[in-house]
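J.: The structure's right below; bear with me while I get my questions together.
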Amino acid sequence: MTLTLDDVRNMKFRIARRSGYEVLDVDQFVDRVEEAFAQLTEENEQLKRQVADLTEAAEASAKASEDRPAAEQPQAWAPPTPEPAPTPEPVAESSQPQGERIVVTTADEASPAVVRLVQLATEQAEQLVSEARDESDQILQKAQQEANGVTNQARSLAERLESEARLAADRSRNESEARSRAFDEELKERRTEAFSAMETERDQLREAVGELRNFEKSYRSNLTEHLKAQITGLENANFEPNNTPGLLQDSGQQGTGSGSGSGADSDTPRLDALLGGDR
């Protein structure tokens with residue numbers, strides 16, 4: 001896949017939480033790569049335009065030399081002095097061959113001279129374009145390698161972070177499940193203990209209620225027997241004192257010997273006898 005300037009500009013790296021690269025350093029490096037890539041693209045466009053201009057000029061010169069009469073060609077294309085032909089100005093390096101010296105003395109030599117000039121210009125343009133293309137390919141390859149390196153590092157980092165996050169999530173899920181199981185076991189154990197304690201308390205309450213009922217039954221029975229004994233004692237008891245007063249004894253004898261006086265019909269004969277004696 002070819003890396004373009006838009007790819008470099010739109011490249012976004014994910015932020016790493018741990019063991020990641022410094023965001024500022026990555027942004028600065030990407031900015032430098034973007035500038036170099038943009039400069040390289042602009043230089044390529046300029047070289048393409050120069051090659052197109054040189055090609056058009058060569059084609060126009062060749063066409064003009066073919067259209068002109070043979071008598072006018074020496075005057076039009078003969079150099080003023082027999083000096084070396086100047087090299088094109090786009091790139092001038094010491095490693096490039098020196099321009100060929102062309103001398104035109106007759107009209108017959110003018111047309112070949114024009115063709116040779118066009119050929120030299122074309123060769124030099126092609127050489128410049130080839131060198132520029134090689135240099136741009138090298139720069140592009142280097143930038144591509146650096147970008148691929150950064151991309152691979154970022155991808156490796158992202159994969160490592162994703163793997164660590166997945167492991168952490170699995171570990172957290174396992175811990176949560178273990179805690180949930182432990183909580184369920186503890187809850188079940190506590191519920192069993194609570195039910196056992198409630199059943200024990202229920203049995204104790206039942207026993208206490210039984211004891212209270214037995215106590216109530218015994219208490220009622222004892223109280224009933226005691227009350228019955230008291231009633232029987234009251235019915236059979238004699239409350240008259242042993243030392244009876246003489247007056248009561250005399251009154252009793254008189255009452256019994258006198259007949260059936262008024263006291264015979266009275267409910268209290270002794271009291272009536274006492275009252276009668278006082279009269």
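Yeah, the Cβs are placed from backbone N, Cα and C, and that goes for glycine too.
Unlike curated records, TrEMBL annotations are generated automatically.
Heads up, here are the entries from TrEMBL:
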type	residues	note
REGION	53-107	region 'Disordered'
COMPBIAS	77-89	compositional bias 'Pro residues'
REGION	135-202	region 'Disordered'
COMPBIAS	138-153	compositional bias 'Polar residues'
COMPBIAS	157-202	compositional bias 'Basic and acidic residues'
COMPBIAS	234-245	compositional bias 'Polar residues'
REGION	234-279	region 'Disordered'
J.: Residue counts in helix (H, G, I), strand (E, B) and coil for the compositional bias 'Polar residues' (138-153), per DSSP?
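T.: So the compositional bias 'Polar residues' (138-153) is made up of 16 helix, 0 strand, 0 coil.
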J.: DSSP helix, strand and coil counts for the compositional bias 'Basic and acidic residues' (157-202)?
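T.: So the compositional bias 'Basic and acidic residues' (157-202) is made up of 46 helix, 0 strand, 0 coil.
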